[in-house]
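What TrEMBL says about this protein:
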REGION    226-249  region 'Disordered'
TRANSMEM  12-32  transmembrane segment
TRANSMEM  70-90  transmembrane segment
TRANSMEM  102-123  transmembrane segment
TRANSMEM  129-155  transmembrane segment
TRANSMEM  176-192  transmembrane segment
TRANSMEM  198-219  transmembrane segment
TRANSMEM  278-302  transmembrane segment
TRANSMEM  314-338  transmembrane segment
TRANSMEM  434-454  transmembrane segment
Amino acid sequence: MSTWGQRVRTFVTVEPVIFFYMTSTFIVTPAYQQLVIAKVCYELFQDSYICSSPAHLKDEEELIEGRSSYILLIYTCVTSLLSILPAMLLGSWSDRSSRKAVMLLPCLMSLVSGGVLIAMSLLEDISVYWSLVAAGVTGLSGGYVSVFLSSFSYLADVTAGLGSNRTLRMAAAESMIYVGGMVGFLLVGFLIQEFGLMSAFVAYCSCHVLSVLYILVWLRDPERSVPPPPSGEDGDRLPCEAGDTDTEPSSNLLCLSDVKRSFKAMFRRRPGQQRQKLHLLIVCTFINNLVAVGEQAISLLYLKYEPREFTTELYGVFKSAQMLLLGFTLLGIFPLLMRVVGEMTLAKVSVLFRTAGLVLMAFSTNTWMVFLVAVVSAPAGITQAVIRSLSSTIVEPDEQGAMFSFSASVETTCIMFAAVMFNGLFPLTLPTFPGMPFIVMAGFTLIIFILMQWNHGIIMYQRPPKWGCIPCAVCMHGWVTSWRPHFERRADKSRWNQIRYCNSEPAF
């Protein structure tokens, strides 16, 4: 390959994989929802003409929506619950084997799921419960959880030791979530309206075909800075089977000790306060995604309620504009700001912008105020990009997949928590203050701000002095390994001396 091609391969890695997967996700979500509604209607009335004419269904609309909602809830639970265990297994396994293989698996399984959905759209008599088979196939591969953990682990491998460049690469990959969402959101409406549901499922499969070809042809497994973790006596790195240290990693794909490795990567002792930092970042990830899923769950219902009275088309335009601004901020503005402002400061400021956007949404009464929310909350994606970057710097190179698998599994649990919390809260506050769920979300984002400030304080506390290493003030031969200033009065009492201690002596 030419020098130009090698340079492009260095900078363009997993971003297209995330883009194709998120585009396909936003294409298939509204498409399978409409497919379920159509199948439920056909099973009730056995007449495709009646089901294609909404005017004939006004009296039975509540019955159709009730049964469809039940099936869609099961679909979501199946996809979410089944994806947790495979993700925990695959993340740790990818640390010892191949990142590419973990990326390929959800794409290939999604092709099978897409085939089931295409068959359902072609065959009128097929049961609506076949959609749960499609959900199960996707869930068993880990779904988007596997894509995220393998992609961000891959980036952590190729950016090892690059400092702030890792954060920028994480931000670029994070932006593909929003860009893919925007493209998928715009594309699915056009496809369904002009060509029908099957065209949407064909486009869904096409995205995964492109993703598979890209992974096989373009991506190369990154070189690891350390060898795969050996079996140890301390229990931190256990072989898949006791006494079987010569087994190839690929033959132990479904080993339950991979789950144990994921938990050990999160909870094992680390120098300084690194473990505490990692736990705070995981909590931030959970709350951040709880708010994101909750906002996605109720925003359409909220905006269709008076006095805003959004149509489905206007809502699609709003969400596309919002995702475009989120992606543009991460790709274009964030790298420029990183030259003059620290990443932690930007992460905290982005949280405040998101809080302001949620409060504005709660009090929005017309169209221009809602679209202003998209502008105000444009920097909101910075927070999660910084969280991923900081998390990857805490763990060892051979723990990247394990850490990201745990983090991605936490993100998956947010789907169920947010659905129960905000879908239950919205009907209760609808008669009095419909925007109350967004105020609750804003409160959650303030918790993220507090946790990020706490984390920032830990980082500043551990930062070494700018003038380099100095001898320990106690033992005089150990070198300062953490920055903990203390003060001691000089003998002549003229001024205070600032002294520092190494870790060989207890802090006092």
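Cβ coordinates are placed from backbone N, Cα and C, and glycine is handled just like the others.
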Is the transmembrane segment (278-302) packed against any residues at least 6 beyond its ends, judged by a Cβ distance under 8 Å, and which are they? 266, 270, 308, 310, 312, 315, 319, 354, 358, 361, 383-384, 387, 390-391, 394-395, 403, 406-407, 410-411, 413-415, 417-419, 421-423, 426, 434-435, 437-438, 441, 444-445, 447-448, 451-452, 454-455, 458
Is it true that the transmembrane segment (198-219) and the transmembrane segment (12-32) have 3 or more CB pairs under 8 Å, sequence gap of 6 or more? yes
Selection from 12-32, 70-90, 129-155, 176-192, the stretch that has most Cβ pairs under 8 A to the transmembrane segment (102-123): 129-155
Take the C-beta pairs under 8 A between the transmembrane segment (129-155) and each of 12-32, 176-192, 314-338. Which stretch has the highest count? 12-32
Tally Cβ pairs under 8 Å between the transmembrane segment (314-338) and each listed stretch (12-32, 70-90, 176-192, 434-454), then give the stretch with the top tally. 176-192
Spatial neighbours of the transmembrane segment (176-192) not adjacent in sequence (6+ beyond its ends, CB under 8 Å) are 15-16, 18-27, 30-31, 34, 199-200, 203, 313, 316, 319-320, 323-324, 326-327, 330-331, 381
Taking a Cβ cut-off under 8 Å, which residues six or more beyond the ends of the transmembrane segment (12-32) line up next to it in the same chain? 75, 103, 106-107, 110, 114, 117, 131, 134, 144, 147-148, 150-152, 154-155, 158, 172-173, 176-177, 179-181, 183-185, 187-189, 191-192, 197, 200-201, 203-204, 207-208, 210-211, 214-215, 218-219
At a C-beta cut-off of under 8 Å, are there same-chain residues at least 6 beyond the transmembrane segment (70-90) that contact it? List them, or none. 32-33, 36, 40, 102, 105, 128-129, 131-132, 135-136, 138-146, 149-150, 253-256, 258-259, 262, 401, 405-406, 408-409, 412-413, 415-416, 419
